[in-house]
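Here is the structure we will look at.
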Amino acid sequence: MGINTTSVYSEVLAKVERMSQAAGSTTRRTTPADRPRVGSHLAARGRETEMGRKRRARRINRTLALGHPDAHCELDFSNPLELTVATVLSAQCTDVRVNQVTPALFARYRSAADYGGAVQAELEGYIRPTGFYRAKARNLIGMGQRLLTEFEGEIPQALDDLVSLPGVGRKTAHVVRGNAFDLPGLTVDTHFGRLVNRLQLSAETDPVKVEFAIADLIEKNEWTMFSHRMIFHGRRVCHSRKAACGACFLAADCPSFGVAGPADPVAAEALLRGGNQEHLLEMAGM
């Protein structure tokens, strides 16, 4: 019988709490020896079965929900058109930068007709800070025109219709479907793909193949929120260059603990990002 990592992790956290109380709460830092020994936990399972992977993936999702209760789409928008435009602009650009650009853009271009009839040079001026602005401007103009000719000026809900729009791929389509229309979709961006790899939920690297692999593991009604939680975790904890392994609350279920980043809690804490670091530390038992 394999080890129940959830139980093991709970026991570790309980141990840390007892140690903290015994010390009179003089410190809230744990040492590497007090943290979950992830490699040994997973190794004890032997080869993971498909059912085991599914159970672990769903446990990870539940833990992420506790760790990132505020996970959401970080692009600012008020309607499906604005979200589609913002997501197109987010390619090779941060959401923060896009949100700095879109207030003026959305005030000037309010409809598909506005984008379809835009003067490219003028539109480029609004979106230049997002990078690749010439290609993005062409796509937005083409998108506006296609919306007018094929979809009565409205953003469609169907995946096949969305990906027929210039500049809209599966990732953008799932963002729009999940957040503008409340339809389930998995958003496989760079953060999502990186975490899937480190958590060894799939060996696939192609985004479409990753999408289908995770769709088999996570409940359909959780797809959108699972995407948000994975992206939140990637931005705040599991960074591309150096993950905050020693301060990660997914440690008990992560085969890459201590490999993707420092296992030392103090070193890892310095790598945390975002405004909820205290909560992240509490979740990690620190």
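Glycine is treated like the rest: Cβ placed from N, Cα and C.
For Cys254 ([4Fe-4S] cluster binding site), the Cβ neighbour count at a 10 Å cut-off comes to 27, with all displayed protein chains included. Among the features that TrEMBL reports, [4Fe-4S] cluster binding site is placed at Cys238, Cys245, Cys248, Cys254.
Annotation comment: TrEMBL describes 89-236 as domain 'HhH-GPD'.
If you look up TrEMBL, you'll see 19-54 marked as region 'Disordered'.
Per-residue confidence over the domain 'HhH-GPD' (89-236) averages 98 (mean pLDDT, predicted model). Cys238 ([4Fe-4S] cluster binding site): 25 other CB atoms within 10 A of its CB, across all protein chains. Per DSSP, the secondary structure of the domain 'HhH-GPD' (89-236) breaks down as 99 helix, 0 strand, 49 coil.
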